[in-house]
């Protein structure tokens with residue numbers, strides 16, 4: 001049975017704190033292994049990459065090459081079901097359109113003192129995209145990671161993807177082709193991250209690495225952070241559904257299970273003010289769990305991490321949502337916008353009864369790479385801004401420096417930084 | 001003598017690569033110490049914080065309290081030199097004004113399919129600001145870290161600052177008061193970071209921690225990343241000056257030394273197309289090094305890490321600048337904007353002969369917390385966006401879901417995520 005909490009219960013706060021403190025990720029201590037692989041790739045380059053690829057993926061890259069030819073990437077589109085390709089193209093168009101709206105404007109401004117001040121946005125020159133192989137190879141994730149980089153204007157996107165026993169889902173290549181990316185290497189794990197961060201003869205170094213991966217990939221990304229930028233380290237997926245009693249319980253059950261099927265460590269939580277409705281949803285989940293294809297995974301996730309929280313009123317929802325800071329938040333209520341306006345911490349919000357979270361996973365347009373494990377308190381989903389950076393600028397002339405420079409001299413002297421003070425004072429003349 | 005490179009030299013590329021690869025930071029292995037302190041503060045809370053503060057800062061916080069009373073914070077303004085307070089106020093006004101220009105707009109858009117899509121920006125609810133004690137306690141840095149958070153609308157800014165032997169620069173408190181921050185705790189080191197990240201009885205947990213600190217603070221920030229957000233880990237300061245022969249060599253020497261005086265690991269580099277001018281700058285640096293107050297530090301920095309790079313033409317500058325990706329870039333040339341337009345990687349640019357970098361450290365307006373160690377390739381200086389986060393949203397109705405939902409169903413089925421597909425399909429009806 002799924003756990004049930006109620007805000008009317010005197011023990012609620014303790015139960016809720018336990019829910020918040022719950023750790024869903026196993027601590028895999030792979031850091032030392034990742035560190036050794038990185039050091040080896042740094043010192044031996046392509047030779048080390050080839051050895052690890054042979055060992056882990058049973059693949060002889062000396063024979064077939066580390067890079068997947070661009071013709072093979074683009075040719076993959078022909079090898080996929082036309083319906084799937086059409087759906088990918090539609091998704092790509094919508095994702096690209098929404099991310100174009102995110103392109104920021106710079107600042108270029110002359111203030112009252114006559115100082116010109118501003119900020120320009122520039123794309124990161126080169127980005128590495130890690131694409132998982134095997135079960136976790138989702139063409140939708142390829143679009144979600146690659147398209148924001150392309151929209152931002154990143155000049156070079158280099159992709160690494162492990163191909164165990166030479167096997168690779170052609171839809172992953174098709175998604176890369178549709179996203180306009182064709183620099184693809186058949187390498188995975190910490191060795192791929194190391195090659196992207198430090199460069200080898202075959203794989204030129206990049207400036208930032210994004211994309212999901214297993215524990216070794218995550219550990220390697222943490223290790224190379226600083227040498228290159230990295231995106232967030234994603235945890236297990238999660239959904240929080242706030243629903244009143246007017247919903248179809250089958251719909252809400254389907255939404256809860258759409259996250260639960262991802263991963264045994266995924267988490268699905270229902271907040272509702274209607275106890276009878278909660279019972280109907282729990283029953284609908286049980287019924288669907290009996291027949292759905294990924295029932296082992298979903299049942300385990302629901303049993304271990306699922307929760308139903310009964311509210312005295314939906315008015316209680318925003319405070320609890322903010323404490324949970326969910327990756328995905330569905331508001332299946334009559335006035336979802338009014339509720340959304342009261343929420344501060346959420347990765348993505350799905351408004352109303354006709355917006356299941358899964359449309360956001362594929363075709364809505366906003367990114368599906370979102371902050372997990374309560375990190376929506378301080379971070380954001382992937383977007384165009386993650387592939388841009390800001391450079392500020394200042395321009396003084398003799399007059400404007402004369403106006404603002406003396407205060408800089410005072411502060412520099414106060415801080416004991418006399419050379420700072422001198423570099424300003426030496427240029428000062430009486431203000432014109 | 002400072003090292004000299006020349007792009008006309010056949011060995012230039014090798015010399016330049018050596019310069020790029022140079023490591024200026026000592027690897028202090030303090031990670032295990034930081035980890036132990038964090039674990040202790042997590043388990044014993046305030047008691048552990050008090051013990052570490054007694055041990056490291058020789059301070060009995062049981063007697064005087066962990067928190068510095070707000071009246072003492074605001075009262076500090078009266079204890080400082082009026083000229084310094086006036087300069088701080090002027091700096092604060094200019095920093096605040098520039099950061100207000102950075103406030104981003106959200107997106108709220110209905111597309112051709114009738115799907116409402118958007119993105120809202122929200123302030124991070126609570127931010128911790130680490131302020132170093134002792135020599136590194138710069139009131140200007142307090143303004144640069146606290147004001148962007150205030151402008152972003154962060155509701156709670158909690159400050160920790162070590163006060164060894166009870167000593168604290170009153171100008172640091174005055175800067176906090178001017179920035180409108182008065183939740184200040186006399187605690188430093190990894191114990192301060194742990195308290196901010198996990199909370200104790202006296203110090204409520206925050207969502208993100210920013211601000212510079214020593215190796216223990218940096219290690220602790222890396223450790224708590226994920227539980228809270230962190231800002232970048234700052235390395236030693238650096239300046240790159242691109243100057244033609246028409247500059248006053250004393251001015252350029254002053255600018256190079258203004259970074260060199262920060263820290264023995266700081267780096268100052270001159271790029272010029274005029275060999276005679278380069279000689280004059282080197283001589284001016286030597287002359288000033290003989291008399292400047294922080295000459296031991298500056299001389300060591302200049303000797304170990306300084307460089308003069310002679311160019312055949314200033315046209316060569318942008319490519320080299322981008323590879324160095326400097327924290328601070330001065331363009332002391334006739335047409336600085338044309339040069340700036342060709343540069344992709346720099347933290348902050350100072351345009352023209354009358355814009356010494358040091359005005360940016362104090363009063364210009366843009367932030368002086370900037371990416372070091374070539375991280376301007378992929379990251380940005382501190383700004384308002386670092387204290388905000390984005391939540392995307394999607395709203396479909398029955399009709400718009402009917403238009404975009406089928407493609408989501410196709411992709412979910414293709415990825416083997418049948419519960420995802422079902423959560424969309426269950427809501428579909430023939431498009432209206």
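Each Cβ is built from the backbone N, Cα and C atoms, and glycine gets one as well.
Remember, predicted model here, so these are calculated numbers, not experimental data.
TrEMBL annotations:
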- B:327: active site, proton acceptor (ACT_SITE)
- B:328: active site, proton acceptor (ACT_SITE)
- B:130, B:191, B:214: NAD(+) binding site (BINDING)
- B:237, B:259, B:262, B:328, B:361, B:415, B:420: substrate binding site (BINDING)
- B:259, B:262, B:361, B:420: Zn(2+) binding site (BINDING)
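Checking the binding-site residues B:130, B:214, B:361, B:420 against chain A with a Cβ-Cβ cut-off under 8 Å leaves B:361, B:420. Residue B:259 (substrate binding site) and residue B:130 (NAD(+) binding site) have their C-alpha atoms 23 Å apart, to the nearest angstrom. Residue B:420 (substrate binding site) counts 30 other C-beta atoms within 10 Å of its own C-beta, drawing on all protein chains shown. Each residue in B:132, B:160, B:162, B:188, B:189, B:190, B:192, B:193, B:213, B:216, B:217, B:220 lies on the same chain as B:130, B:191, B:214 and has a C-beta within 8 Å of the C-beta centroid of that NAD(+) site, without being one of the site residues.
Residue density at residue B:415 (substrate binding site): 21 other Cβ atoms are found within 10 A of its Cβ, drawing on all protein chains shown. Annotated pair residue B:262 (substrate binding site) and residue B:214 (NAD(+) binding site), C-alpha to C-alpha distance, rounded: 14 Å. With the fewest other Cβ atoms inside 10 Å of its Cβ, the least crowded of the binding-site residues B:237, B:259 in this structure is B:237. Note: the Cα of residue B:130 (NAD(+) binding site) and the Cα of residue B:237 (substrate binding site) are spaced 19 Å from each other.
The binding-site residues in question are B:191, B:214, and the one with the fewest Cβ neighbours inside 10 Å is B:214. DSSP assigns residue B:361 (substrate binding site) to a helical segment in the three-state reduction. Most Cβ neighbours within 10 Å among the recorded positions B:262, B:328: this distinction goes to B:328. Under DSSP, residue B:415 (substrate binding site) is assigned to coil, being neither helix nor strand in the three-state scheme.
The C-beta environment of residue B:327 (active site, proton acceptor), restricted to residues of the same chain at least 6 apart in sequence and closer than 8 Å, consists of B:237, B:238, B:239, B:346, B:347, B:348, B:370, B:371, B:372, B:376. Within 10 Å of the C-beta of residue B:361 (substrate binding site) there are 29 other C-beta atoms, taking all protein chains into account. It is 44 Å from the Cα atom of residue B:191 (NAD(+) binding site) to that of residue B:420 (substrate binding site). A straight line from the CA of residue B:328 (active site, proton acceptor) to the CA of residue B:214 (NAD(+) binding site) spans 22 Å. Annotation note: residue B:328 (active site, proton acceptor) sits in a strand segment as assigned by DSSP.
Here residue B:214 (NAD(+) binding site) is positioned 47 angstrom away from residue B:415 (substrate binding site), judged by their C-alpha atoms.
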